[in-house]
Amino acid sequence: MTARELSIAGAWEITPVLRTDSRGLFFEWFTDAGFTEFAGHQFDMRQANCSVSARGVLRGVHFAQVPPSQAKYVTCVRGAVFDVVVDIRVGSPTFGQWDAVLLDDKDRRSIYISEGLGHAFLALDDDSTVMYLCSAPYAPQREHTVRPTDFGIEWPEVPELILSDRDAQAPSLAEAQAAGVLPTWADCQAFVETLRRNLVS
């Protein structure tokens, strides 16, 4: 597999090697060695999730408080999603900016979203199925959302956007910052550095 860091520090697009024959397809979508090589630390998986979405479903922008937040390693095993990472780390050089990757069941790419970053995706096909590896269990009291239409994200056109009440009524980035719920660049950098020190030790 190969990894390409996105324009948002701490986010990577991972492209696997696809091996096909008369039986079908095989590929490695995650390896500990491959992850450690690009991230500089191991991925401590604590939970695995699966979501199935109709075309037009928009989930996000979601994030968790740091520490420990919740890093995510995400792939799409059926259909296609426009997967977005948003920099919500106050003090970051790219604060308020976004980048995106197409995840689908053809190229089989994944995206890694490190602690403190915001995550969202738009389902482009019915029954789009997304698998997440998560570095921390779901903790609703530490989970937050920011309005997904607040970042100038160039969402692909779909007949109708479908959002949960929580996401549709989420605060703007400015409102979330004023409420003091956004992570800081310094806290995120410090947390990731502890993960890297643990690898060395």
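Placement of Cβ uses the backbone N, Cα and C atoms for every residue, glycine included.
Quantities reported herein were computed from a predicted structural model and do not represent experimental measurements.
Per Swiss-Prot, the features are as follows:
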- Arg23, Glu28, Gln47, Ala48, Asn49, Arg59, Lys72, His119, Glu143, Arg166: substrate binding site (BINDING)
- His62: active site, proton acceptor (ACT_SITE)
- Tyr132: active site, proton donor (ACT_SITE)
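Positions of the features from Swiss-Prot, shown on the structure.
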residue : record                       : CB count, 10 Å
Arg23   : substrate binding site       : 6
Gln47   : substrate binding site       : 13
Asn49   : substrate binding site       : 12
His62   : active site, proton acceptor : 21
Lys72   : substrate binding site       : 25
Tyr132  : active site, proton donor    : 17
Glu143  : substrate binding site       : 14
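Here the binding residues for substrate are Arg23, Glu28, Gln47, Ala48, Asn49, Arg59, Lys72, His119, Glu143, Arg166. Their largest Cα to Cα distance works out to 43 Å. Cα distances from Tyr132 (active site, proton donor) to the binding-site residues Arg23, Gln47, Asn49, Glu143 are smallest for Asn49. When the binding-site residues Arg23, Asn49, Lys72 are screened for a Cα within 10 A of the Cα of His62 (active site, proton acceptor), none qualifies.
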